[in-house]
Every structure is written in C-alpha cells, then in structure tokens.
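In TrEMBL this protein carries:
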{"type": "BINDING", "residues": "Cys90, His93, Cys163", "note": "Zn(2+) binding site"}
{"type": "DOMAIN", "residues": "22-198", "note": "domain 'GTP cyclohydrolase I'"}
Amino acid sequence: MTDPVTLDAEHSVGGFDEKRAENAVRELLIAVGEDPDREGLRETPARVARAYKEIFAGLWQEPQDVLTTTFDLGHDELVLVRDIEVYSTCEHHLVPFHGVAHVGYIPASSGKITGLSKLARLVDVYARRPQVQERLTTQIADSLMEILEPRGVVVVVECEHMCMSMRGIRKPGAKTLTSAVRGQLRDPATRAEAMSLIMSPAR
C-alpha cells in the first residue's frame, strides 16, 4: 500500500542543491562500475542535476500558485478536462511513470470556476515530485475541493509504470487506473455520468 497521504500544509522541502545532486550522480556512476570522467559521462552529473531540478519542480510549488484565476459565470454543471498528459517519477525506484489524467468538478452554487489550463497545471504541480499514483490522484482531488470549494470532484489517472515495464515483473503496456471522487460526484447516478464521459471511446 502507499504511504499516508499528507496535505500540502504539512509538506515542506528544502531548496534544490544542484552541486550536491551532481556529486550524488557522480558517486552513483562510480557505484555501478562506470568512470564518470570518461568521454560521454563527463558532463552527465551536471545534466542529470539540471534535469532533476525540472522534473521535480512541483516540490517548490503549491496548488494555490496555479489555481489563482476564478470566474463567477453561474455555470453549475460538470466541467471536465480529459487526457491531461502526466509525467511523474516513482518514489520507490526513481523511474518514470506516464499516462493521462482526467479531472472534473461541479462548480459551487456560486458558479465559481477556474481556467481549463489551470487544471492541467494543477496536475503538473503534483506530478513533478517523487510520487506514487494513488497519492497523486488524491492530492489533485483534495486540492480542488479545498481551493475551489466545488460541489463535487472526480479525478481518474491512467499510467504505465516503468518500474513494472523495464524491471521486476516486466509487463510493458500494463496500465494502472486510480480514481478519487468527492462531494456530489459520489452519488451513483452522477458518478456514472462522469465516468461515462471520461471513458467514452470518442477520445
């Protein structure tokens, strides 16, 4: 099972230490029997450090940073964005998992909504961290509930995990699906409608 989910208020990290990351990569190359000073690897520690700074950029972001724009348009039906690209890193093996996220919500009675691109940005905030898919799904749903205060939220994430595809059981193509449902979308009929839209073949 996954580690306990913690809210962002309880989550804090230090700044990115690029030189320390470079040294760690250099030591790892030595540990696996490579020569980090040979041609082809000489700049690898610096390149990997810069890549990790980008890949894990979500560690230094909060959902409030991206869910800033709201509009009171009086819309009170489901808002759904499908097939948001997900690229994240498994915290157990530090290898990628990738796929798509589908994020929907029913606005509050006030009709307050956020820009559609903000939902994609929210996914990135949580995906760009050492992560597990179950927690990723829950964090997206819970942050939407907390910040937008909608009547309901549904989040479905479908990913292929390289820790299953390229090592261990070695089952490339296997997909893991996780979901988080909150508020009015827990109602069976409303949930079924949302899931039918998410899983519709017209994608």
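A Cβ is built for glycine as well, from the same backbone N, Cα and C atoms used for every other residue.
Positions of TrEMBL features highlighted on the structure.
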residue	record	Cβ neighbours (10 Å)
Cys90	Zn(2+) binding site	18
His93	Zn(2+) binding site	15
Cys163	Zn(2+) binding site	15
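The predicted model assigns the domain 'GTP cyclohydrolase I' (22-198) a mean pLDDT of 94. Take the mean position of the Cβ atoms of Cys90, His93, Cys163, the recorded Zn(2+) site; other residues of that chain with a Cβ within 8 Å of it are Thr89, Glu91, His92, Leu94, Val95, Phe97, His161, Met162, Met164, Arg167. When secondary structure is read from DSSP and collapsed to three states, Cys163 (Zn(2+) binding site) falls in the helix class.
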